[in-house]
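So the structure is just underneath, and the comments pick up after that.
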Ligand code: DX5
Ligand code: ZN
């Protein structure tokens, strides 16, 4: 599996979302952070914006739901055009049922873990998922410092994926930059969300290519 770079539009100019999405065409997915001011102390965007964004770019949408009651809301994001939907296990009432519903509606099902949430209790759920997201900051804001203490969890998650012979992807999100991406890749991540490291750069598309190059170099797996 090639390494994938998913720019997070949380760090983009929200008044120019269509242009900002186009500025990173060539990225694998566009990461869209949905926050409800309850699950996290910040408020971003919802279904109508996702729907418009989907029409404005060819890049598939990777929706990261940092919201309460994802069991209720996730299907609407698929209908709005999301190709991948990530819910937080801390917020989901019935994660297995929800993952199955996401897949049944035709999107990739993904589950996220906050920094203090261990992977081990969820080992048996992994076959239900297309991606596992290990948060490398406390969710809620872009531009935070990468939590190095998450590297062992990334490693343990990769080991569990291999143990079960699964094809699923392992995503990291938070503080991923040219300084930290190699450590994540070496630990076993293969999908990298980057907000400020991409949109804070003079040339976002170039920043995506540079991050991809570093991730590939770290694992010796040049892209497809
Ligand atoms: C944080 C979000 C991230 C955020 C990452 O809660 O989930 O996707 O945009 O931003 P950076 O890359 O700047 O840490
Ligand atoms: Zn995110």
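Just so it is clear, glycine is given a Cβ too, placed from its N, Cα and C backbone atoms.
Caution: TrEMBL annotation is automatic and unverified by curators.
Listed by TrEMBL as binding divalent metal cation are 31, 33, 173; the candidate from 64, 164 that the record includes in that site is 64. For ligand 2, the binding-site residues lying close by, meaning a CB under 6 A from one of its atoms, are 173; the full candidate list was 173, 175, 196. There are 25 other CB atoms within 10 A of the CB of residue 33 (divalent metal cation binding site), with all protein chains counted. Spatially close to residue 142 (substrate binding site) yet at least six residues away along the chain are 8, 10, 11, 33, 195, 196, judged by Cβ distances under 8 angstroms.
With all protein chains in the displayed structure included, the most crowded Cβ environment within 10 Å among the binding-site residues 8, 196 is that of 8. The record gives 8, 64, 140, 141, 142, 143, 173, 174, 175, 195, 196 for substrate. Within 8 Å of the mean position of their Cβ atoms, the other Cβ atoms in that chain belong to 10, 11, 33, 137, 139, 144, 193. Residue 64 (divalent metal cation binding site) and residue 140 (substrate binding site) are 11 Å apart (CA-CA, integer value).
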